[in-house]
Amino acid sequence: MTKLSVNINKIATLRNSRGGDVPNVVQFAKDVQEFGAEGVTIHPRPDERHIRYQDARDLKPVVYTEYNIEGNPVKSFIDLVLEVRPTQVTLVPDAEDAITSNAGWDTIKHKDFLIDVISEFQRNNIRTSIFVDPVLEQIEGAKETGTDRIELYTEAFAHQYGLGNESAIKPYADCAELANKLGLGVNAGHDLSLDNIKFFSDNIPGLLEVSIGHALVAESLYLGVENVIQMYLRKLKK
Ligand SMILES: CC(=O)[C@@H](O)[C@H](O)COP(=O)(O)O
Ligand SMILES: NCC(=O)COP(=O)(O)O
């Protein structure tokens, strides 16, 4: 069974755009779990433009499913994760000015750094995952770092599948197979959506978890807007 972890970064983005506390990210995390989500993911960045470090702390007591914190392991991020102690930390090599994550780790070049950071988290009983492109050498490199899991970066698949290219699944399926063989758990995320998730999960062996945020929030808007407009109209009726 593949677990669905809901990335709530976009909820924080919406909140921050008005400066208040609407929508409330803690309440949202409680609600998505009530609705069946099997995990909550956040991706705090150093500029705190969406999820803030304080949100990570505030969410800890309410996330009773899997709590996954993603991010680039700069010192402030490492300190935060060690303080909050989520179920899982996912290491992502995103530049500070990147709009969103845009590449996986070079697990060969950064092997020593990753070994150090991963062992520190594991000593503190935090499961580790590292964000990787679907390249076999990178999966072999990931194994060398001692990580518990990998997260396959699915942007390329999502883009190609949207254009009708089903063969874009192949490198992901091959990498998942290799990871299974090497004893690495397999997660996946980025641009997964209602359109592509079934095909993706049907074709990836041993897929343990997907984290989905951007599309899930956009889809929730589209699928909820009719209901909300009707509710307003009912309240406006004299
Ligand atoms: C690693 C990954 O793909 C996601 O964490 C993604 O970066 C979501 O973050 P944003 O919501 O900030 O785009
Ligand atoms: N790890 C991927 C994630 O958390 C969500 O990415 P996206 O669905 O917002 O692209």
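Glycine too: its Cβ is placed from the backbone N, Cα and C atoms.
Within T2, T90, T100, T107, the residue that TrEMBL lists together with R45, H50 for binding 1-deoxy-D-xylulose 5-phosphate is T100.
In the record from TrEMBL, residues R18, D191, G213, H214 bind 3-amino-2-oxopropyl phosphate; the candidate from N7, N24, N203 listed for the same site is N7. Sequence-distant neighbours of G213 (3-amino-2-oxopropyl phosphate binding site) (same chain, 6+ apart, CB under 8 A from its CB) are V6, N7, I8, N9, K10, T41. Among the recorded positions listed here, namely H43, H50, T100, E151, H214, H43 has its C-alpha nearest to that of E70 (active site, proton acceptor).
Following the DSSP three-state reduction, the secondary structure of D191 (3-amino-2-oxopropyl phosphate binding site) is coil.
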